[in-house]
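Structure record follows, encoded as structure tokens.
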Ligand SMILES: Nc1ncnc2c1ncn2[C@@H]1O[C@H](COP(=O)(O)OP(=O)(O)OP(=O)(O)O)[C@@H](O)[C@H]1O
Ligand SMILES: Nc1ccn([C@H]2C[C@H](O)[C@@H](COP(=O)(O)O)O2)c(=O)n1
């Protein structure tokens, strides 16, 4: 199995903090370009779900690392219908439950898990790019660790207030500022924990920052497509 995409395949790496719009914007960019889409966060979520299903203690670093190596994970990278399954069981809805969001950092900060996921993600990127001509892969360490040689590397950011408002609206609808406060602890604490193993708040060398604080969704997609169109023009 190869883990290196061919030179004629377009690999786009997108990182950013929670609620910046990585998943939704990356998916729309992949659709616009007619290439595959890889949501790497769903892989950490699937492992968390599987550990909880099996009664694996998330604080047992060795047991969680072994679970990662054993995980029978299937990822579908069609941007029109991305899927996550474990042992043939679709977990798309289950991995978005708040019990998973609250626990996933404990799994994602396990360094042995990250080493295993790195290999899986590189293989998925190469396989998807070979099948569709390219891939948009998003997460926290794609621009820096998983695909540092990607053709296009973007850090998608937004102010904390904008990210909280978006996440709050997604979870609670237009319920007002109280839900923003309720969301704050969840989002900010998760980013703080995840930041201990990945750098996704400051762009690494060669990574283009796209700040979406004052952009709507379509404008954010267009801004990333502009970066893609401008590739090769930079010195
Ligand atoms: N520019 C934007 N303007 C307004 N809403 C946006 C924008 N970009 C994304 N959204 C909305 O914000 C919400 C969060 O987006 P998304 O789930 O893509 O973020 P994320 O960065 O992948 O978060 P996480 O890492 O926590 O999964 C979604 O409801 C999405 O539709
Ligand atoms: N490349 C990645 C992708 C995700 N994570 C962590 C960060 C989150 O706590 C968790 C779920 O990600 P989300 O679905 O919210 O984007 O996985 C990571 O460490 N590295």
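Residue 1 is the first one shown; counting continues down the chain.
Cβ coordinates come from backbone N, Cα and C, glycine included.
Pulled from TrEMBL, these are the features on record:
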DOMAIN    12-228  domain 'Cytidylate kinase'
BINDING   16, 17, 18, 19, 20, 21, 22, 23, 24  ATP binding site
REGION    168-188  region 'Disordered'
- Item | Helix, strand or coil at residue 24 (ATP binding site) [DSSP, three-state] | helix
- Task: For the binding-site residues 20, 24, work out the Cβ neighbour count at 10 Å and name the residue with the minimum.
- Result: 24
- If you draw a 10 Å sphere around the Cβ of residue 18 (ATP binding site), how many other Cβ atoms fall inside it, taking every protein chain shown into account? 21
- Note on the structure: On the domain 'Cytidylate kinase' (12-228), the mean of the pLDDT values is 95
- Note: among binding-site residues 16, 22, least Cβ-dense neighbourhood at 10 Å is 22
- Message: I want the residues beyond 16, 17, 18, 19, 20, 21, 22, 23, 24 whose C-beta is within 8 angstroms of the mean position of the ATP site's C-beta atoms, in chain order.
- Response: 25, 156, 158, 163
